[in-house]
Amino acid sequence: MTTIITVRKGGKVVMAGDGQVSLGQTVMKGNARKVRRIGKGEVIAGFAGATADAFTLLDRLEKKLEQYPGQLMRAAVELAKDWRTDKYLRNLEAMMLVADKSTTLAITGNGDVLEPEHGAIAIGSGGNYAFAAARAMMDTDKSAEEVARQSLDIAADICVYTNHNLVVETLDAE
């Protein structure tokens, strides 16, 4: 799997993810890009789970953002509805984090659209480790990027499905 984290702090929103792609117990690739900008660069998206499934969902989210420009929450809710009810999409195995200047969301195949309450959220195999590390650093003087990077480094030290090859994207937050 992988680990993706989003941290909202100090006027910035940072999403970071590692680059490991595993097939069973074998590392197939170490530098995959699982965090990227979508929606004309105004939204950051990251995914954990089956890569092909995640790309399908990213494509669907981009279409929803075109349909509902500037409305990340609405686009995410519409994607979650489709994901939960469509016969094909229902079988996709992935989770997504998405963020724009004002909103951070986790989107799941169960139809959940979750907004974090503590400024950080993480998904994937090392998500719990990264989230706990981020929560511990949120009240320090570290920047959002420092919190995200250090949280992923901690997760990568613990989780065998997460590596230290990070991709980081940043937006100015409201």
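Backbone N, Cα and C define each Cβ position, glycine as well.
Copied from Swiss-Prot, the annotated features are:
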ACT_SITE  Thr2  active site
BINDING   Ala156, Cys159, Thr162  Na(+) binding site
Given the binding-site residues Ala156, Cys159, Thr162, which one's Cα is the least distant from that of Thr2 (active site)?
Thr162
List, in sequence order, the residues of the same chain other than Ala156, Cys159, Thr162 whose Cβ lies within 8 Å of the centroid of the Cβ atoms of the recorded Na(+) site.
Thr3, Asp18, Gln20, Ser125, Gly126, Tyr129, Ala130, Leu152, Ala155, Asp157, Ile158, Val160, Tyr161, Asn163, His164
Nonlocal neighbours by CB distance (under 8 Å) for Cys159 (Na(+) binding site), same chain, sequence gap 6 or more
Thr3, Ser125, Gly126, Tyr129
Just to be sure I understand the packing, how many Cβ atoms besides its own are within 10 Å of the Cβ of Thr2 (active site)?
29
